[in-house]
Amino acid sequence: MDDDKLLSGDKADDEEASLEKSLRPQTLAQYIGQARVKHELGVYIEAARKREESLDHVLLYGPPGLGKTTLAMVIANEMQVNIRTTSGPAIEKPGDLVALLNELEPGDILFIDEIHRLPKIVEEMLYSAMEDFFVDIVVGQGPTAHPVHFPLPPFTLIGATTRAGMLSAPLRDRFGIVEHMAYYEVADLEDIVKRTADIFQTSIKPSGAHEIARRSRGTPRIANRLFKRIRDFAEVADQDAIDEAIVARSLTYLRVDDAGLDETDNKLLRTMLEYYDGGPVGLATIAANIGEETDTIAEVVEPYLLQIGFLKRTQRGRVVTIKGYQHLGFPYPENK
């Protein structure tokens, strides 16, 4: 490949990366949706800045794709401090955590995604770091082993999780600010889609933005992903603006139905109806039947089906509701 093509490709990649980065809001004012969460965080941030203190530790929990990582970045911008990001599985041993904490300046933010997946020994080390801003680690082995005391600057830990129930009580109780991220309203998702279209310099009609928003499962990440794919279909069709018709055609190709359910969602419901009479059936059994991990079903697939009332949990397992039956066109049994 010649140099011109290499340079051209690099430039295109840089432009695409820049566009992706620009999708992330920088301030609470730019952040669309989650009005209650934004208002509360705005109060806490303003109070901390007035007192010239670090913000209290923050726990953000809710389904994936709702903007927890983005909100952590926004908090750092609003506090005018640096942020270091990592994830629970990436911190395998206490030394990894100490290395991260050692790089923090006073007031900085450490963001840990999937914080429920921290190893127990690392989690326990966080207790003193969060409460008293120090950690003790044992250096050496055998007779020469001795504890070393590491004082830390005041900092803010922001933890994000899709499984708040998996956090231990001692860790959860050390977060002074706990915010639940809820699924987005269609109107807020419309605004997000329109903003994304503006950033990508793509014309979109109100009907097109509404249809994308309506089928995005209340999730901004899905709305943006669908927009980019529909933009591809519109481009190939030489369509000047994205309207409801091109959205509908594109989503048919993408196997996203009228309720916003994708192939996996419908496969789960159909499997439960065809093989288990709508349930109750256990999560592990469902996972084995549709070829998905139980964590994927519990964290990604199931929450929205519960939210829209197509599925419900019972002590004996998951059960498809009458709305779920109706969605797939199955008759609802009289003995249910």
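Any Cβ shown, glycine's included, is placed from N, Cα and C.
Given the structure is predicted, the values throughout are model-derived calculations rather than measurements.
Record features, source Swiss-Prot:
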- LEU23, ARG24, GLY65, LYS68, THR69, THR70, GLU131, ASP132, PHE133, ARG174, TYR184, ARG221: ATP binding site (BINDING)
- THR69: Mg(2+) binding site (BINDING)
- 1-11: compositional bias 'Basic and acidic residues' (COMPBIAS)
- 1-184: region 'Large ATPase domain (RuvB-L)' (REGION)
- 1-21: region 'Disordered' (REGION)
- 185-255: region 'Small ATPAse domain (RuvB-S)' (REGION)
- 258-336: region 'Head domain (RuvB-H)' (REGION)
### Message
Considering every residue in the region 'Large ATPase domain (RuvB-L)' (1-184), what is the mean pLDDT value?
### Response
85
### Task
Would you measure the largest Cα separation among LEU23, ARG24, GLY65, LYS68, THR69, THR70, GLU131, ASP132, PHE133, ARG174, TYR184, ARG221 for the ATP site and round it to whole Å?
37
### Summary
Grouping DSSP H, G, I as helix and E, B as strand, the residues of the region 'Head domain (RuvB-H)' (258-336) number 43 helix, 9 strand, 27 coil
### Task
Sort out the sequence-distant neighbours of GLU131 (ATP binding site) for me: same chain, 6+ apart, CB within less than 8 Å of its CB, listed by position.
ARG174
## Note on the structure
Close in space but at least six residues away in sequence, with Cβ under 8 Å from that of LEU23 (ATP binding site), the same-chain residues are ARG195, THR196, ILE199, ASN224
### Query
So, in DSSP terms, is GLU131 (ATP binding site) helix, strand, or coil?
helix
## Note on the structure
binding-site residues considered: PHE133, TYR184; fewest surrounding Cβ atoms within 10 Å belongs to PHE133
